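According to TrEMBL:
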type: DOMAIN; residues: 573-623; note: domain 'Cationic amino acid transporter C-terminal'
type: TRANSMEM; residues: 56-77; note: transmembrane segment
type: TRANSMEM; residues: 116-137; note: transmembrane segment
type: TRANSMEM; residues: 179-200; note: transmembrane segment
type: TRANSMEM; residues: 212-230; note: transmembrane segment
type: TRANSMEM; residues: 250-272; note: transmembrane segment
type: TRANSMEM; residues: 284-310; note: transmembrane segment
type: TRANSMEM; residues: 380-398; note: transmembrane segment
type: TRANSMEM; residues: 404-426; note: transmembrane segment
type: TRANSMEM; residues: 508-526; note: transmembrane segment
type: TRANSMEM; residues: 538-558; note: transmembrane segment
type: TRANSMEM; residues: 570-594; note: transmembrane segment
type: TRANSMEM; residues: 600-618; note: transmembrane segment
Amino acid sequence: MGFLGCSGEETGRGGQSSRVGFKALIRRKQVDSANSSSPSSSGHHQLAKELSVPHLISIGVGATIGAGVYILVGTVAREHSGPALAISFLIAGIAAALSAFCYAELASRCPSAGSAYHYSYICVGEGVAWLIGWALILEYTLGGSAVARGISPNLALLFGGNDRLPSFLARQTLPGLDIVVDPCAAILVLIVTALLCLGIKESIAAQAVVTGANLCAMMFVIVAGSYIGFKTGWVGYELPTGYFPYGVDGMLAGSATVFFAYIGFDAVASTAEEVKNPQRDLPLGIGLSLSLCCALYMMVSIVIVGLVPYYEMDPDTPISSAFAEHGMQWAAYVVSTGAVTALCSTLLGSLLPQPRILMAMSRDGLLPRLFADVNKKTQVPVKSTIVSGIGAASLAFFMDVSDLAGMVSVGTLFAFATVAVSVLILRYIPPNEVPLPSSLHESFDPLSLPIHTSADVVDGQDTEINSTKDSVSRPLLSKVDSSVDIPIIGSYLTRRGYTLNDKNRRKFAGWAILFTCVGALLLTYAATNLRLPSYVRYSVSGTGVFLLLSALVVLSCIDQDDARHSFGYTGGFTCPFVPLLPIVCILINTYLLINLGVGTWTRVSVWLVIGVIVYVVYGRNHSTLRDAIYVSTEHAEKIAEHAEKINNYSREVLV
């Protein structure tokens, strides 16, 4: 079931062992919405289809542009980029666009709730999907709590200081416990949770209002700052240190830092099930929201860096202090308003995806059925929303989550890398077997086909998984008529009269994808770990480069699988420059994961270990694929047609 596959001898016909152990980790599900468009056929209530491109842009921009941009420009300009800050934002935006391309293809092909969890469950397997879903739960909970804790200080600035806030909103220290509680943060999380329970349409309307207010504040910074810049001569760019005071390396280091300012566009993919026309609207929503964020980031950075020399910027309030330098102290109120609205929109963007992740995992049986309930009136997962809201509000009230901020990035970066791997799998080795719905288990003659359960396959003689005897008897390269059209790698082999048969092509592709992941891990670890001896660093880095280049050459030469054209929903966006783009995306996100630090990974590991325990105790045994029967795609279609004929005949008899 995994992308490297397994032989028929290993699976056997009994199928009992596939319910436990490694085979449970690599069982894959079918595209949820491919064969079910109604509640009755899918076994669960669907979410309301209310969203179009403007709604998706509002979600993407609101979830991406947080208050960090009002602070980040000062810190990165002072320490890394200098006047080249806009270029750092551009490079980071291009790197984020690589992941956005991968998300756009998978979101349009698999338009169901769950985002990266859903895609990895379909393409990679249940084990990886569980880890991604579990990591995303942590990300959205901590992210929402951290954003909520940041709102009260900015509100205090608008009121004129911490002492001016109403007592029931101000932060207080619990006597004897040395715990600083934040009632304002908890109240805001509960308000947003109640708003999300009203319905997706109402939630997006509120998101559009606060996002619009934030964009107005940013446009004020751009327009007013440009006026001051042209009036004073852009003193920030007339420096003896030049445009790159820290060199190109400093500019690239700044890009790695500001990359996290683009995290948030994946919230658009989490609403895929609620989009009216997902094949058209999801790619547009993801692409336009990311492009708009990149343009705003660059314009703000160009203006602010030009008003004040980078080394004189205030690292805490760079924008307000830049205007104050030119006699516009009142602009601090506009900037603070923008920061508050940015945090509110980010809070809503953080709390919106989590209930849908919980719902998707519950639908698959990995979490209790409670989380899968969809309210018939509002058509949103109300119970999941309430549970996630209470959890985030509790953290925001009791804990200072600033020390845990690095953990927020793990889930997103892990999801970005896995989505890129999923694109490679979809293009080269898409699943060629599907789990047969339980309603169709009796719709075929079990003696007419070789049956396997869960990770096993019901297949014929020409599919990927055959007996060991057949594998041995079939040569790696088969002699064919040289007139047959063979793509790319056949330019040489065709002249010799050889080509790869489909089974071995899938094996080569599977190993190449595995080498891509291993090579990216080796290269980034060795390149960033300066404590290793130089000969070890160079050896490991060289091995990683060799694996990556080998995988790129193999995947570039062999043909992509024809089944990709009919996988999931067709007619949507297609990721360009495959396999190069996904491989670069995997490399970038692996590098950022490695650089999160030992402390962050130690804390994340504790959460992941808890997740493994939950999966072993509950998820594995309650998975909807636990007793699934897998059949080849061709046989599944025949069985479905046969079942439909039986149903039609039964209805005619009853009439």
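Using N, Cα and C of the backbone, Cβ positions are placed for all residues, glycine too.
With respect to Cβ pairs under 8 Å, the transmembrane segment (56-77) is most closely packed against 284-310, considering the stretches 116-137, 250-272, 284-310, 508-526.
Under the criterion of 3 or more C-beta pairs below 8 Å, with sequence separation of 6 or more, the transmembrane segment (570-594) and the transmembrane segment (404-426) qualify as touching. Proximity of the transmembrane segment (404-426) to the transmembrane segment (250-272) is established through 3 or more Cβ-Cβ distances under 8 Å for residue pairs spaced 6 or more apart. Counting only same-chain residues 6+ beyond the ends of the transmembrane segment (116-137), those with a CB under 8 A from a CB of the stretch are 1-3, 24-32, 103, 106, 110, 266, 269, 353-354, 357-358, 360-361, 364, 366, 410-412, 414-416, 418-419, 421-422, 425-426, 430-431, 568, 604, 607-608, 611, 614-615, 619, 623, 625. Long-range contacts of the transmembrane segment (284-310) within the same chain, counting only residues at least 6 positions beyond its ends with a Cβ under 8 Å from a Cβ of the stretch, are 53, 55-57, 59-61, 64-65, 69, 73-74, 77-78, 81-83, 85-86, 88-90, 93, 96-97, 100, 103-104, 107, 215, 218, 221-222, 225-226, 228-229, 232, 234-237, 239, 245, 258, 261-262, 265, 268-269, 275, 318-319, 321-323, 325-326. Most Cβ pairs under 8 Å with the transmembrane segment (380-398) belong to 179-200, among the candidate stretches 179-200, 212-230, 250-272. Note on the domain 'Cationic amino acid transporter C-terminal' (573-623): mean pLDDT across this stretch is 93.
Across the domain 'Cationic amino acid transporter C-terminal' (573-623), DSSP helix (H, G, I), strand (E, B) and coil residues number 40 helix, 0 strand, 11 coil.
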